[in-house]
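K.L.:
The following block contains the structure, expressed as structure tokens.
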Amino acid sequence: MKAVIFAYHDMGCQGVQAVLDAGYEIAAIFTHADNPAENTFFGSVSRLAAELGIPVYAPDNVNHPIWVDRIAELAPDIIFSFYYRNLLSEEILHLAPAGAFNLHGSLLPAYRGRAPLNWVLVNGESETGVTLHRMVKRADAGEIVASQRVAIAQDDVALTLHHKLCQAARQLLNSILPTMKCGDIPSVPQRESDATYYGRRRPEDGLIDWHKPVSTVHNLVRAVAAPWPGAFSYNGSQKFTIWSSRICPDAQGALPGSVISVSPLRVACADGALEIITGQAGDGIAVQGSQLAQTLGLVAGARLNRPPATSGKRRIRVLILGVNGFIGNHLTERLLNEENYEVYGMDIGSNAISRFLLHPRFHFVEGDISIHSEWIEYHVKKCDVVLPLVAIATPIEYTRNPLRVFELDFEENLRIIRYCVKYRKRVVFPSTSEVYGMCTDASFDEDKSNLIVGPVNKPRWIYSVSKQLLDRVIWAYGEKEGLRFTLFRPFNWMGPRLDSLNAARIGSSRAITQLILNLVEGTPIKLIDGGQQKRCFTDIRDGIEALFRIIVNDGDRCDGKIINIGNPDNEASIQELATLLLDSFDKHPLRCHFPPFAGFQVVESRSYYGKGYQDVAHRKPSIDNARRCLGWEPSIAMRDTVEETLDFFLRSVDVAERAS
């Protein structure tokens, strides 16, 4: 039986080995690239796959149609997911005739969702387990195939329980996988009335509330002990982390948060005292409790506290859906540079925003807007400004997958717009320069230019008309129901983190990334229809500054406006862009690590994009609205943008890959 496996972490390693031991053929393994902001104490699935000689991949979005097609070509009989962190689309789940099965770290239907290992300890459970279940669209809701119970000892902490669960998982898989291989797959429906769901835990969730019962505080310490981030408190403004503790029943009448003694170090809770066995001050080293008290300058009777409150008015909360994308991650950086903004974000990956994950004003949830509607509705209600940036926005996908473009770019975003109407929230919506279509004006005016597209049998226009229809719906909601909105239309923004060379390898990237990939790999640069199409290329820094000013919205000048954001002075054909890029490439200090230039190759758009494609000769913005509403003027020359973008991608190529 041929299997495709999605796996990560120690559980992923156990699962891969168990599938092999049961005699399955593994066609491919899909995993994640390690996040540099995460403490990777666990085993590497990618390394294990490499050692076993099994093809392994770590795509940013495994649900992308390109990857769905690749998995379909593998023709799996069965699919397994062992602690893979992203939900799999229904298209993938339906690829295997025998079904798709997930290993979950709890006794389902209890503790569905994220971090069940930590949550069972937080809640003081005495038992947990592992469950193998059939995968359906809803997370962790499919029929149960098998489960194994695990007792939780009073001295168990997150790491010891993790090891127990890994051992239980291996025993479970060793028992059930041979049976499944023979076609005998048990199926027991979950009782929805018994289901509980828990969300992702964040480092800040480790903050101790000394007014809680001592058992609650002690369980929190157990649940997030090393290598997790730890439970923490403050002495004045100094943060300290508690790595291990024990319960003392007598608080001697002290107020919660009061230091009862320093040797041993004991702190009063609501109904007892917590003895701190080991801890750490700030970024220091772990020490025993009495030494920690000395380091912190604690004395009996001192009061521990919550972090100092920030003064001034409440920060502006900005919700960014698609926060890991090109615009989303650059906008996040700009907002976090200002003290009065707090960013809430969702995306299906976090590689581009890993540098923000520990920022106290950045709150990220990994998820899919087509699945996590409850989370989105709650955060639309909670936040002040909403930016729905999720979209399929690469031309080749318009002809490859027009229905997917419509479903995501229009239908899913319309639901978000309706939430904004319902909760009366301001929306800053990304329209696109594509809505102008084949407009013949010398420069495109937001309020006067006609929006002209081709015939229905050219699916290339599905993106343009999906965005245009949303523009019109948003405008109507503004006119009829008072929705506060601004539509912005980016014109060919470029810069670091635009997309990835891997995306270019599967044909799903912007033009400049594809050109850079050709230079990196020594393949000919393809000029579609000779590369005579002209565009106005805009530096991401210029674009983000304009977008930031839209969010600031001085004097409400942006309300109800459509604003082009582009650089009319940076007009160039694709051929001119390629020539400029080649010149910068030849001058780059890393040039010697890459193959010789393979030349230009002229190709027809039909052969590259498919029969449903039409191109546009020019696309130049009028930026009068941006000047008037934002006081904004683009300033960065195209050569500077090209050089910075090229440098980013060249330095992202592995040294060994350059040499090969």
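Each residue, glycine too, has its Cβ placed from N, Cα and C.
Not my notes, these are from Swiss-Prot:
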BINDING   Arg114, Val136, Lys137, Arg138, Ala139, Asp140  (6R)-10-formyltetrahydrofolate binding site
BINDING   Asp347, Asp368, Ile369  NAD(+) binding site
REGION    1-304  region 'Formyltransferase ArnAFT'
REGION    314-660  region 'Dehydrogenase ArnADH'
SITE      Asn102  site 'Transition state stabilizer'
SITE      Asp140  site 'Raises pKa of active site His'
K.L.:
If you pair up every Cα among Asp347, Asp368, Ile369, the residues annotated as binding NAD(+), what's the maximum separation in angstrom, rounded to an integer?
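P.N.:
Max span of the NAD(+) binding residues, Cα based, is 8 Å.
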K.L.:
Measure from the Cα of Val136 ((6R)-10-formyltetrahydrofolate binding site) to the Cα of every one of the recorded positions Asn102, Asp347, Asp368, Ile369, then give the nearest.
P.N.:
Asn102
K.L.:
Which residue among the binding-site residues Arg114, Lys137, Arg138 has the fewest other Cβ atoms within 10 Å of its Cβ, if you could check?
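P.N.:
Least crowded of the binding-site residues Arg114, Lys137, Arg138, by Cβ count within 10 Å, is Arg138.
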K.L.:
For Lys137 ((6R)-10-formyltetrahydrofolate binding site) and Asp368 (NAD(+) binding site), determine the Cα separation and express it in whole Å.
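P.N.:
Given the Cα positions, Lys137 ((6R)-10-formyltetrahydrofolate binding site) is 12 Å from Asp368 (NAD(+) binding site).
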K.L.:
In terms of Cα spacing, which of the recorded positions Asn102, Asp347, Asp368, Ile369 are within 10 angstroms of Asp140 ((6R)-10-formyltetrahydrofolate binding site)?
P.N.:
Asn102
K.L.:
Near the Cβ of Ile369 (NAD(+) binding site), how many other Cβ atoms are there if near means within 10 Å?
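P.N.:
The Cβ of Ile369 (NAD(+) binding site) has 21 Cβ neighbours within 10 Å.
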K.L.:
Rounded to the nearest Å, what's the C-alpha distance separating Arg114 ((6R)-10-formyltetrahydrofolate binding site) and Ile369 (NAD(+) binding site)? Just drop the number here, would you?
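P.N.:
Answer for this pair: 17 Å between alpha carbons.
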K.L.:
Around the NAD(+) site (Asp347, Asp368, Ile369), what further same-chain residues have their C-beta within 8 angstroms of the site's C-beta centre?
P.N.:
Leu321, Gly322, Met346, Ile348, Gly367, Ser370, Ile371, His372, Val390
K.L.:
C-alpha of Arg138 ((6R)-10-formyltetrahydrofolate binding site) to C-alpha of Asp347 (NAD(+) binding site): distance in Å?
P.N.:
17
K.L.:
Between Ala139 ((6R)-10-formyltetrahydrofolate binding site) and Asn102 (site 'Transition state stabilizer'), what is the CA-CA distance rounded to a whole number of Å?
P.N.:
10
